[in-house]
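J.: I grabbed these lines from TrEMBL:
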- 71-320: domain 'Nucleoside phosphorylase' (DOMAIN)
- ARG111, ARG155, ILE156, GLY157, THR158: phosphate binding site (BINDING)
- GLN234, ARG236: substrate binding site (BINDING)
Amino acid sequence: MSCGDLLEAEVKAYMAPGISNEKKKEDEQSSKGNAIHLCNPHLEKMKEDILYHFALGTGTHDFPALFGDVKFVCVGGSPSRMKAFIAYIAEELGLGDQDGDYPNICAGTDRYAMYKVGPVLSVSHGMGIPSISIMLHELIKLLYHAKCSNITLIRIGTSGGIGLEPGSVVITRQSVDATFKPQFEQVVLGKTIIRSTNLDEELAKELMQCSKEINEFNTVIGNTMCTLDFYEGQGRLDGAICLYNEEEKLQYLKAAYDSGVRNIEMESSVFAAMCNLSGVRAAVVCVTLLNRLEGDQISSSHDILVEYQQRPQKLVGYFIKKSLGKV
């Protein structure tokens, strides 16, 4: 599917919000190919593309030489977590060790951090939809300029669980908004555009199979609710502002559970939407730090939380090893 077709589909979705999920899925699957799609004809007219928030540019860096061999891109909120991941995957792939020196490719900026070892790129995205959106625009352009193909892009992170024991890992089937709809609303030139947030079903199944083979922690496939903030948007009672009661909170979270939601975070919707438009096979893998039906505050010890946060890394690391025939 061409970018023009994708944009036309967006217009139809805007004009007819009831467009079927089946039709959206067909459009997404047909748009996915081996190469990165850039839905921006203006870029072809530019002599140089400056990726400002990465401190990289096509006029100053040889993208194909630096990134052309990338096949797996893992993104997560924290720079330190993504540095730890690249050290972990380097050791798993036999390309280095946990104590090795892995320089930050984006050292010229303090916005994001980026690390690379072999075919794996690890990038931080900060917290929330605006931050990950900016990062993804520049990451997708980076992969395009590097002439990368057959890319698998996975977000690894933390979340609040609903009806799951803390430490459970959720592989996202669909990202849904705060009203449980599988869509991301973007305001462009004053008009609301609705984009689908379905993720690659086969990739989710592959990751689930990897979890079964590891057999170290509970893993489920479920919907992930993506909210605009950490407190009111997620029905917490412990923020600076809260104008609802506990009964209303639990009623909302139970409705989310009944709709198929198993965890809550703040990035998956725009992540899924942008990967769909760019033809990138993508997944979201997050560990749950608490069960929101039982409380709002994260009270587990530091050591337990560190071990929880390593679970998505272990799962995705195993998936990468298996994909490369190293299991």
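Heads up, the Cβ atoms here are built off N, Cα and C, so glycines get one too.
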J.: Express the predicted model's confidence over the domain 'Nucleoside phosphorylase' (71-320) as a mean pLDDT, rounded to an integer.
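T.: When the pLDDT values over the domain 'Nucleoside phosphorylase' (71-320) are averaged, the result is 97.
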J.: Whole number in angstrom, please: the longest C-alpha to C-alpha distance across ARG111, ARG155, ILE156, GLY157, THR158 for phosphate.
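T.: Per the listed residues, the maximum Cα distance equals 20 Å.
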J.: Sort out for me which one of ARG111, ARG155, ARG236 has the most neighbouring CB atoms within 10 A, since those are the binding-site residues we care about.
T.: ARG155
J.: What's the CA to CA span in angstrom from ARG236 (substrate binding site) over to THR158 (phosphate binding site)?
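T.: ARG236 (substrate binding site) to THR158 (phosphate binding site), Cα-Cα distance: 17 Å.
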J.: Where GLN234 (substrate binding site) and THR158 (phosphate binding site) are concerned, what is their Cα separation in Å, rounded?
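T.: Roughly 14 Å, rounded to the nearest whole number.
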J.: Identify, in sequence order, the residues in the chain of GLY157 (phosphate binding site) that are 6 or more apart from it along the sequence and have a CB within less than 8 Å of its CB; answer 'none' if there are none.
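T.: Listed in sequence order: GLY76, GLY77, GLU265, GLU267, VAL284, VAL285, CYS286, VAL287, PRO312.
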J.: So what sits near THR158 (phosphate binding site) in its own chain, CB-to-CB under 8 Å and at least six residues off in sequence?
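T.: The answer is GLY77, GLU265, CYS286, VAL287, THR288, LEU289, TYR308, GLN309.
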J.: Inside 10 Å of the Cβ of GLN234 (substrate binding site), count up the other Cβ atoms and send me the figure.
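T.: Counting Cβ neighbours of GLN234 (substrate binding site) within 10 Å gives 23.
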J.: Is it possible to get the count of other C-beta atoms within 10 angstroms of the C-beta of ILE156 (phosphate binding site)?
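T.: The answer is 26.
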